[in-house]
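**Student:** Here you go, one structure.
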Amino acid sequence: MRIGVIALQGNVEEHVDALSRVFDGEVVKIKHKGIVPSCDAIVIPGGESTTLCRLAWSEGIAQEIIARAHAGMPILGTCAGLILLASRGDDEVRKTGQKLLGLMDTTVDRNAFGRQRESFEAALELPFINNGPFDAVFIRAPAIISAGDGVEVLARLDDFIVAAKQGNIVALAFHPELTNDTRVHEYFMEIVKNQSEN
Ligand code: GLN
């Protein structure tokens, strides 16, 4: 199996490391079009969502991700990745001109936690992991502010949704790749294995 990490910008190496610890197949970095179609799953890391969006579309990677997602390919999006996956951003307010991938029926606020809480950690109870809460690292974190019926809410913090799943797509407002705890990546690999057996 082959997992791709979108490597246009952001926390790429950290995801590659985390995946390598829980998965013995191939992990590839995706900078150009032509690779996504051969991947069994992809990870969209955190970074700066406007830059990520712009590059994903201009490189032709966004179009490939959308096509594979419609065919059931699992995707893990963290932080800025959660923004890209959404259908609705906060463009109305901030006029960022972001063109999102629209793969989840979610509305996101790209800086939900504001300047006061630029970066923080929270112990999150996640329904898919055992053995205690997950130490979630939030950095200029976005959040899902509303979600359609097809979206399963996995975790909330304050009034926000910070982890959600729709079909084979998982979006997290935090950075599981920045801790040594690999339980979130293990969970994602379960989804990937189940999909490949179908
Ligand atoms: N808030 C950031 C953005 O709008 C995302 C932050 C992150 O990925 N660490 O792009």
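Heads up, the Cβ atoms here are built off N, Cα and C, so glycines get one too.
Automated prediction, rather than curation, is the source of TrEMBL annotations.
Annotations for this protein, taken from TrEMBL, read as follows:
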BINDING   Gly47, Glu48, Ser49, Arg110, Ile139, Arg140  L-glutamine binding site
ACT_SITE  Cys79  active site, nucleophile
ACT_SITE  His175  active site, charge relay system
ACT_SITE  Glu177  active site, charge relay system
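Burial and contacts for the listed features, if you can.
**Tutor:** Secondary structure at Arg110 (L-glutamine binding site), as computed by DSSP, is coil.
Of all Cβ atoms in the shown protein chains, 30 besides its own fall within 10 Å of the Cβ of Cys79 (active site, nucleophile).
For His175 (active site, charge relay system), the Cβ neighbour count at a 10 Å cut-off comes to 23, with all displayed protein chains included.
Packing around Glu177 (active site, charge relay system) is summarised by its Cβ count: 26 other Cβ atoms lie within 10 angstroms of its Cβ, all protein chains included.
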**Student:** Per the record, L-glutamine is bound by Gly47, Glu48, Ser49, Arg110, Ile139, Arg140: how many Å separate the farthest pair of Cα atoms?
**Tutor:** 13
**Student:** Using a 10 angstroms cut-off on Cβ to Cβ distances, just flag whichever of Arg110, Arg140 is the loneliest among these binding-site residues.
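**Tutor:** Checked Arg110, Arg140; of these binding-site residues, fewest Cβ neighbours within 10 Å: Arg140.
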**Student:** Taking just the CA atoms, what is the gap between Arg110 (L-glutamine binding site) and His175 (active site, charge relay system) in Å?
**Tutor:** 15
**Student:** Can you list which of the recorded positions Arg140, His175, Glu177 have their Cβ under 6 Å from some atom of ligand 1?
**Tutor:** Arg140
**Student:** How many other Cβ atoms sit within 10 Å of the Cβ of Gly47 (L-glutamine binding site)?
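**Tutor:** Summing over all protein chains shown, Gly47 (L-glutamine binding site) has 21 other Cβ atoms within 10 Å.
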